[in-house]
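What TrEMBL says about this protein:
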- E407: active site, proton acceptor (ACT_SITE)
- H406, H410, E429: Zn(2+) binding site (BINDING)
- 114-299: domain 'Aminopeptidase N-like N-terminal' (DOMAIN)
- 334-556: domain 'Peptidase M1 membrane alanine aminopeptidase' (DOMAIN)
- 638-962: domain 'ERAP1-like C-terminal' (DOMAIN)
- 78-100: region 'Disordered' (REGION)
- Y492: site 'Transition state stabilizer' (SITE)
- 42-62: transmembrane segment (TRANSMEM)
Amino acid sequence: MSDHDVDDIAFLTGSPNESGFMVNKRAMYEPGAVMVCSQKRACCVVSMGFAAIIAVALIVAFTKPGCPEATYIGEPVPGFSSRPTHSPPTTPPTATNGEEFPWRDVRLPFHVRPLHYNITLHPNLTTRLVEGHVTIKLTAIEETTAIIIHGHDLNITNYSLNKKYGKPIEILKFLVYPPHQQLYLGLNEILRRGSNYTLKLGFRTSLKEGLEGFYLSSYISAEGERRYLATTHFEPTSARAAFPCFDEPHMKAQFFLSLVREPQHIALFNMPVQETLSLNDTGLVVDNFEESKTMSTYLVAFVVCDYKSVSNMTRHNIRLSVYAPPTMIGQAGYALQVASHIFDFYQDFFGVKYPLPKQDLIAIPDFGAGAMENWGLITYRETALMFDGNHTSSRAQQGVAVVIAHELAHQWFGNLVTMSWWSDLWLNEGFASFMENIGTKAAQPGWAMEEQFLVEKMQPALALDALLASHPISTPVRDPAQIESIFDTISYKKGASIISMLESFIGHKMLAEGLQLYLKENEFGNAATDDLWAALTKVTKKHNSELDIKGIMDTWTLQAGFPLVSVTLQDGRVSASQARFVVCEENVTDPNEPLNTTIGYRWHVPLTYITSEQPHEQAMYWMNLTDVEFEVGKDVKWVKFNVGQRGFFRVSYDAVGWAGLISLLRNNHTALSSADRANLVDDIFTLVNPFCTATQSWAGTINGSLALELSLYLKNETRYIPWHTALEHLFQWVQLLFNYPAHTQMMQYIHTLILPHYKRIGWNDTGTHLERLLRSKILLAAVHCGDTHAIQEAKRMFHEWRVNGTFIPPNLRAVVYCTGVRYGTEEDWRHCWKVYNSSTIPSEKKLMLMAMAKTQNPWLMQQFLEYTLDSNKIRHQDVLTVLQEVSKNPSGRLPAWRMVRQHWAQISQLFGQGSFTIGSIIKAVTSTFTSAFDLGEVESFFKDVSVGSGERALAQALETIRLNIQWHEHNLDDVSHWLDQHMTQAETQVEVDPQ
């Protein structure tokens with residue numbers, strides 16, 4: 001409570017002091033008190049009273065026709081205060097007709113609530129015109145004389161409002177305010193609380209060429225003809241671009257859709273078709289669909305296309321179908337198989353029946369995200385749904401299974417129970433990201449998805465969350481740009497990681513029971529983070545656990561970052577302290593600190609450990625916002641903390657601790673699990689970066705030479721997870737050393753590590769799933785390090801493929817294609833361009849984009865970048881992929897950056913400032929920079945450029961560049977000296993490619 005609030009209350013009660021006005025006022029009404037008043041004073045008092053009455057009357061008169069400011073008196077909305085807060089603009093908002101727009105908040109008021117939408121749409125795929133009409137049944141939550149609804153780029157042609165029995169209510173004023181994407185209808189009478197009304201709106205719009213709203217996509221048929229389809233992507237705030245609606249997640253309703261189409265097309269919706277009727281002599285038909293369940297607007301979806309499908313019935317009698325272009329329907333079998341398996345698994349796991357009669361999965365040629373969980377009609381990128389066993393790699397196959405598992409998890413987490421507001425987006429995305437590994441494991445038990453969780457979720461989340469430009473998992477957002485900006489690693493991967501950590505200390509069975517309770521208590525409704533903690537608390541108490549789930553987890557969701565646990569072991573006694581870990585510049589403070597923490601950057605840390613005396617018996621000690629000390633035994637030689645890297649924190653050992661663990665890895669690395677080995681690699685290489693404590697005082701670093709000493713054990717490492725982690729860090733150092741003499745030595749050193757494994761693994765595409773993933777990593781690393789045998793073998797295979805059409809095994813294609821282009825001719829590049837344009841295998845097309853980005857020909861590089869501006873050459877959805885891959889090529893970093901600067905206006909218009917893609921593009925083309933000159937250029941360019949939802953990504957990119965510069969200052973000499981000394985002693989025969 002602020003001081004201002006206290007003063008107001010004190011004034012009303014008269015309690016804080018016994019002097020001044022309060023004393024005099026009280027004295028006037030005490031027994032025996034006599035009021036004495038002169039005639040002049042009495043006239044003055046009466047005049048002031050009349051003036052006050054007139055003033056109040058004027059305020060009421062001028063306030064009434066607008067949006068009333070009455071207190072919300074309906075049922076409370078979960079996760080909200082009683083009313084949306086106002087942040088009025090400095091100047092009054094002006095509608096398109098020049099009038100003042102009466103509602104100033106970007107959020108809608110709670111005056112009315114939709115109950116049911118009846119939508120009719122006629123999209124013309126030739127003219128791209130969309131004719132539409134929507135009838136919305138709504139109820140008044142509080143008395144009001146206005147309705148504010150969302151609408152974006154819609155031409156409203158007619159509108160009306162009726163009350164019970166069809167009696168009309170006159171609409172006095174209709175206003176449009178594009179900055180907030182809102183429509184205002186001022187009424188001539190009050191809507192009464194609890195009464196129902198019917199709002200009708202006719203509108204026209206057009207099918208966009210972007211990747212949001214109701215938009216146009218296309219594919220090339222087997223006959224070479226371009227075929228068009230109309231599709232949707234509404235999350236988070238684009239349903240309002242397809243039809244007028246209350247486009248906020250807590251305003252759930254039921255939807256009935258009628259969709260007019262040509263007979264050669266099919267139409268799909270969240271629900272099955274109820275009936276199809278001919279429209280007289282128009283040659284058109286209309287599909288009337290079954291009414292939907294209660295859901296949020298962002299989950300509505302519809303598609304008009306000429307696709308084919310494959311279907312089956314799940315064990316729970318739900319029809320599951322996969323839709324794809326006729327040229328790709330042969331690649332839909334795997335998706336149908338794995339989706340059926342995961343779908344049935346989720347039905348049992350969640351303990352809540354799937355409430356719809358069908359579940360469709362459809363491949364969309366132009367799609368900005370990986371997939372979208374629309375209830376009953378999930379839309380996918382083609383690469384995320386199509387699989388061809390003869391041509392698709394194990395990595396791409398895993399990607400298909402994981403994305404399917406993610407989106408199917410959303411059918412419960414997100415669709416059945418939806419976050420109340422986007423601030424709790426992580427309730428949707430964090431849980432789906434956690435469940436995707438569990439669902440994929442159910443379908444593919446041999447893929448070690450528990451271990452892969454570390455490299456796919458935990459480690460990327462730790463890397464981003466160490467930046468000052470990170471944000472809490474639950475973070476305030478209001479407008480579309482802010483909402484888009486949190487569709488990021490924190491919401492997805494950190495969210496998944498803290499749920500994994502929660503599972504590690506309450507157990508899998510208790511977590512599953514808590515999730516089932518959460519779903520049952522909130523089904524068809526909305527929920528906030530506290531609702532989840534409440535459900536889990538009920539379950540833990542039922543099992544006699546005294547854990548304060550909310551108290552523990554609030555420290556992980558309400559503040560940014562994570563702790564660095566610093567440990568020492570002396571005479572069998574462990575001392576462990578915690579402080580926020582931030583990789584940062586010296587003397588830099590957290591610009592978001594008042595927002596990012598209310599707890600003081602302390603955490604409830606489940607500190608797990610194993611010791612040399614009990615290497616297979618995990619123990620745990622709670623660090624409850626504190627530092628701790630405890631005994632482990634005087635005979636203990638080493639202690640490994642954060643077992644399996646299940647905890648979302650890093651561990652820093654003292655010199656003796658690191659020495660013991662490095663010795664263990666050198667002499668008997670299998671004494672630790674592959675997850676623990678990957679964890680040690682991840683922690684030590686990260687701790688080489690300069691970092692700060694929670695109070696931002698300079699805390700120092702581990703020497704780079706110590707990380708390199710630990711990495712020597714990799715010569716004996718045979719598992720995929722530790723190698724994945726190690727290669728990420730080692731090649732990041734290659735990038736940091738690019739302009740220095742140590743760059744060549746670093747490449748030579750990595751080559752000494754991978755050489756024995758390159759010889760062992762070979763070029764035969766055989767083995768388990770993880771062995772195939774490891775082979776791909778090692779072969780690419782060998783080529784990158786300039787291994788002459790690897791380069792020649794890849795070039796030979798590329799030549800035979802290009803000239804003779806010789807088959808290349810799927811898991812070797814990435815290294816063969818990339819090497820062939822990198823060391824090839826212009827004709828080699830153009831052959832890949834031809835394959836890209838002719839292939840009907842999505843994974844193959846993506847590999848072609850990656851390969852063409854490896855060219856060393858500056859003219860081809862520039863041409864390739866310019867192709868991204870022409871959607872007939874490279875689809876909008878693939879622009880980011882091209883920019884990312886070109887920026888990874890040392891020869892392409894500056895051309896990619898120049899291209900983005902030169903065409904920023906076009907790129908910004910293409911993806912919109914409310915798109916998460918903008919932030920990804922900024923990161924792609926700038927995060928590899930390592931010099932002060934580059935930093936100055938980036939800062940200078942973006943100083944006067946609006947980046948919309950990319951603002952946070954820009955801050956993270958700038959922070960990353962500064963950290964790259966600082967890494968040189970603190971580590972270059974030490975790393976260079978170690979490499980010089982070590983590589984002089986080592987016998988290595990390697991021809992290193994300078995690129």
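Each residue, glycine too, has its Cβ placed from N, Cα and C.
Note that TrEMBL annotation is computational and uncurated.
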Self-check item: Number of other Cβ atoms within 10 Å of the Cβ of H410 (Zn(2+) binding site) across all protein chains
Solution: 24
Self-check item: Rounded Cα-Cα span from Y492 (site 'Transition state stabilizer') to H410 (Zn(2+) binding site), Å
Solution: 13
Quiz prompt | Residues that sit under 8 angstroms from E407 (active site, proton acceptor) by C-beta distance, when 6+ apart in the chain | solution = L361, A371, M372, E373, I378, Y380, A432
Quiz item: To the nearest whole angstrom, what is the C-alpha distance linking Y492 (site 'Transition state stabilizer') and E429 (Zn(2+) binding site)?
Solution: 5
Practice problem: Restricting to the domain 'ERAP1-like C-terminal' (638-962), report the mean pLDDT as a whole number. | Solution: 93
Quiz prompt | H406, H410, E429 excluded, remaining Cβ within 8 Å of their centroid (Zn(2+)) | solution = E373, E407, A409, F413, G414, N428, F431, A432, S433, M435, E436, Y492
Exercise. Please list residues from the chain of H406 (Zn(2+) binding site) whose Cβ is under 8 angstroms from its Cβ, counting only those at least six apart in sequence.
Key: A371, A432, S433, M435, E436, G439
